[in-house]
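Quick look at what Swiss-Prot lists:
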type: ACT_SITE; residues: 174; note: active site, proton acceptor
type: BINDING; residues: 34, 35, 36, 37, 223; note: substrate binding site
type: BINDING; residues: 124, 125, 126, 127, 128, 129, 130; note: ATP binding site
type: BINDING; residues: 130, 162; note: Mg(2+) binding site
type: SITE; residues: 28; note: site 'Transition state stabilizer'
């Protein structure tokens, strides 16, 4: 039974009437462009075929009822006429409540909804299960009540909910790719203008995601430290964001910066340039150049931004040794664990799977999880 069938069946069983709509919003993987989003830079993600699915129907009152199928059918119920506050003992509820609260501030022309939510985006793997949920909930209200909101506004609304209501700092990339993803394409996103350009993926290329299953512990505190270091760098150059600093300008005065801040700035500037070049390499089907850029990106995250861990570096080395120059591999996501992403010819997938299975656990004591994904469509009815 797929997620659509599962949520529709549960909806009818619990609420006693059929759902009118089923909405999906995908998770994502970022091919290149790491920690560039909050510096107003470029990212190159694609939506993946793992998603949050919500079966839903409008109500004729002002109540929102939510069932979380993946959490033993836990229930959340709240009124649109009372202040929406956090639900401290049920964390998933806060993503729903935050989205609805921020939607009210954007466009209050909607009423109550019944919904049943289920998803298969791996959690805690850096594949944006939370953004997928936020965009799915926003799309539910937009579709049921014909709200005049486009994908970018639904994405911004989800980001606001996560930053201000849930209390987790994040850039705009995760929500934007979930809302705007295009089948068989990656999107080159300008995080300043929110402009997105579809970049076709070469035929016969697989997007492989391997979760290191190394438990991320530092991610929150270190993420915020990296943001502060980048802001310090932008202030040094008297620019609103590192997006506005050229590598030439940086190289001329790098020795005057705090050495750690200088390394952080160099990563962001070089990563931005790599990301723009990667989009054109991908468009041309130049997997060899894409592989070089991904390797440079990983080295920069390891040495300049210092967000990889030995387990992730081991995974990257195993994959790289298997594929040579036929494609690329790098850490993806916030860092300190999580996943690596590889772009490889489909016929190399079995060899990569085998090499990782034979070597990763032997070297680290941790068993990986292996996903082969397709670049998928963004949020909408399913």
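For all residues, glycine too, the Cβ spot is worked out from N, Cα and C.
Counting in whole angstrom, the residue listed as 'active site, proton acceptor' lies 6 from residue 128 (ATP binding site) by their C-alpha atoms. Local packing around the Cβ, expressed as the count of other Cβ atoms within 10 angstroms, is greatest for 126 among the binding-site residues 124, 126. Residue 130 (ATP binding site) sits 18 Å from residue 35 (substrate binding site), taking the CA atoms of both as reference points. Annotation note: residue 37 (substrate binding site) sits in a helical segment as assigned by DSSP. Residue density at residue 35 (substrate binding site): 25 other Cβ atoms are found within 10 A of its Cβ, drawing on all protein chains shown. There are 29 other CB atoms within 10 A of the CB of residue 174 (active site, proton acceptor), with all protein chains counted. When other Cβ atoms within 10 Å of the Cβ of residue 36 (substrate binding site) are tallied across all protein chains shown, the result is 27. Excluding 34, 35, 36, 37, 223, which define the substrate site, the same chain contributes 33, 38, 39, 43, 171, 226, 268, 271, 334 within 8 Å (Cβ to the Cβ centroid), listed in sequence order. Of the recorded residues, residue 127 (ATP binding site) and residue 35 (substrate binding site) place their C-alpha atoms 15 Å from one another.
For residue 34 (substrate binding site), the same-chain residues 6+ apart in sequence whose C-beta sits under 8 angstroms from its C-beta are 271, 297, 301, 305, 307, 330, 331, 332, 333, 335. Restricting the recorded positions 28, 37, 162 to those with a CA within 10 Å of the CA of residue 128 (ATP binding site) leaves 28, listed by sequence position.
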